[in-house]
Amino acid sequence: MAKKYVAAIDQGTTSTRCMIFDREGNPISSSQMEHEQIYPHPGWVEHDPMEIWSRTQDVIRGALEKGNVDPNDIAAIGITNQRETTVVWDKNTGKPVYNAIVWQCMRTQDFCLEWEKEPGANEKVNQKTGLVISTYFSGPKIKWILDNVPGARERAQKGELLFGNIDTWVIWNLTGGPNGGVHVTDVSNASRTMLMNIKTLQWDEEMLNFLGIPKSMLPEIKPSSHIYGYTVPNGPFRASIPISGDLGDQQAAVFGQVCFNVGEAKNTYGTGNFMLLNIGKTPSLSKSGLLTTVAYGLKEGEAVYALEGSMAITGAAIQWLRDNLRLFDDAADSEWFASKVKDTGGIYFVPAFSGLFAPYWDMRARGCIVGLTRYIRKEHLIRATLECICYQTLDVQRAMEADSGVPLTELKVDGGAVRNNLLMQLQADLLGVPVVRPKVNETTALGAAYAAGLATGFWTSLDELKQNWKVDKRFEPTMSKETRDEMYRGWKKAIERAKGWID
Ligand code: ADP
């Protein structure tokens, strides 16, 4: 009998989710659990990889149970994950040698600042990997573990340790762990390590030597849609099912939003914002502060590339208002408060909590609120926070237009914060183009499911996937160009205040 479903595991920064989709791409069951955020020092962020594996198993069982799904009806499994987050573990015991170092973690700042000073270093990194020198990527995080965990370097050199981003860690465990687990990653995740050559799609010897990372630790690089291995029947799926999709979360959203053509873009509004523009099969480098990254690869040795604007703090700024300033209890209330004022009263909030990412890449920047007068109330600050998400997106959009020469005609959006209608309207107004929200907002999980289903013939073509995409709501711009330009001018001034704060 034909199988009915595809499952996706979305292992994110704050939570892990398992979703099961039918052939039309409708979610039929979902289970989600949070995991602990570990902050050992200011600016450091870790996760416990064993907790992540345990939550992964819980949500798989939860999704099967909630939807009353027979595992034998699942045709394929896709994995998508928080990118760059780094795990190093012992291949014989399956035990991590250290906590996972999360993408936001800034512990490698001193090393990166020194490295950046070397003449030509940033250009070289950019040309080889499409990235820039930043604490954000995996390479320096692996180096930190090898330098700081007693005995790690020796064990790595003896071939006892494995590295993986979270996709690799989850696939290795689902396929048997120390008993035959498959050690793989896909091109989209590998493009975020700072260790893969963006043109050859192979690990780059020079980057590995420079960072002192033994090649034996690294997973094999495979296409994003490919049968990597099978789940073990004594695992949470209770069946042998092909794992056949693997994409970094932002690239999975590109896939789930069916941005398969050159010039199509999506922006995801989560903890951070990530805007990706499909640029086709040539990895052109950015002149405007964007990253060049692999969007997805469907065949061995081939890739479709994207320009990426990564914004570290967007939804996280809303969380900060909620948790640190206690301005409201629920992120969704930000919409109500912001709607109580007609503007921000002239203030700007630059949430450069972990430096500024695209297009500025300033590790020394820190957050600021400027333009304060006694008139300002909490509603103004909340509105300024929504606006700062839009301005960051506008910065990235302008960089994308400068690089590609192609004006954006509309923006597909997804992620937790797009439920905020005021935010979406502000975004359309500030961009001056329509913002389009799809019916299935869980595009990250959907993209991983699509990649998995394509590899096993559950879906047969990209065109078939395009048929599944449906509009929920379209936000049309209504603001005049003069108002928009005037507001944006203030933002650019505020950015200058945030830059270079740390000596
Ligand atoms: P992630 O996958 O990065 O964990 P999600 O896509 O689940 O994030 O989105 C959650 C983020 O969106 C949080 O940072 C939260 O503050 C923000 N958020 C959620 N709902 C709203 C809302 N209605 N308005 C503004 N921000 C929101």
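Residue numbers in this text run from 1 along the chain shown.
Using N, Cα and C of the backbone, Cβ positions are placed for all residues, glycine too.
Residues or ranges marked as ADP binding site in TrEMBL: T13, R17, T271, G315, G416, N420. For G416 (ADP binding site), the Cβ neighbour count at a 10 Å cut-off comes to 18, with all displayed protein chains included.
Other C-beta atoms found within 10 angstroms of the C-beta of R83 (sn-glycerol 3-phosphate binding site) number 27, with every protein chain shown included. Annotation comment: TrEMBL describes T13, R83, E84, Y136, D249 as sn-glycerol 3-phosphate binding site.
Feature annotation from TrEMBL assigns ATP binding site to T13, T14, S15, T271, G315, Q319, G416.
Per TrEMBL, the feature glycerol binding site maps to R83, E84, Y136, D249, Q250. Around Y136 (sn-glycerol 3-phosphate binding site), the C-beta neighbours below 8 angstroms that are at least 6 residues distant in the chain are E84, W103, Q104, S310, A312, F357. For the recorded site, Y136 (sn-glycerol 3-phosphate binding site), the DSSP three-state label reads coil.
Annotation comment: TrEMBL describes 5-256 as domain 'Carbohydrate kinase FGGY N-terminal'.
The domain 'Carbohydrate kinase FGGY C-terminal' annotation in TrEMBL covers 266-455.
Mean model confidence for the domain 'Carbohydrate kinase FGGY N-terminal' (5-256) is a pLDDT of 96. The binding-site residues shown are R83, D249, Q250, Q319; of these, the one with its CA atom nearest the CA of R17 (ADP binding site) is D249. Among the record's sn-glycerol 3-phosphate binders, T13, R83, E84, Y136, D249, no two C-alpha atoms are more than 15 Å apart, and one pair sits at exactly that spread. Close to T271 (ADP binding site), meaning Cα to Cα within 10 A, are the following binding-site residues out of S15, R83, D249, Q250, Q319: Q319. Within 8 A of the CB centroid of the glycerol site residues R83, E84, Y136, D249, Q250, the other residues of that chain are Q82, T85, W103, R192, G248, F274, S310.
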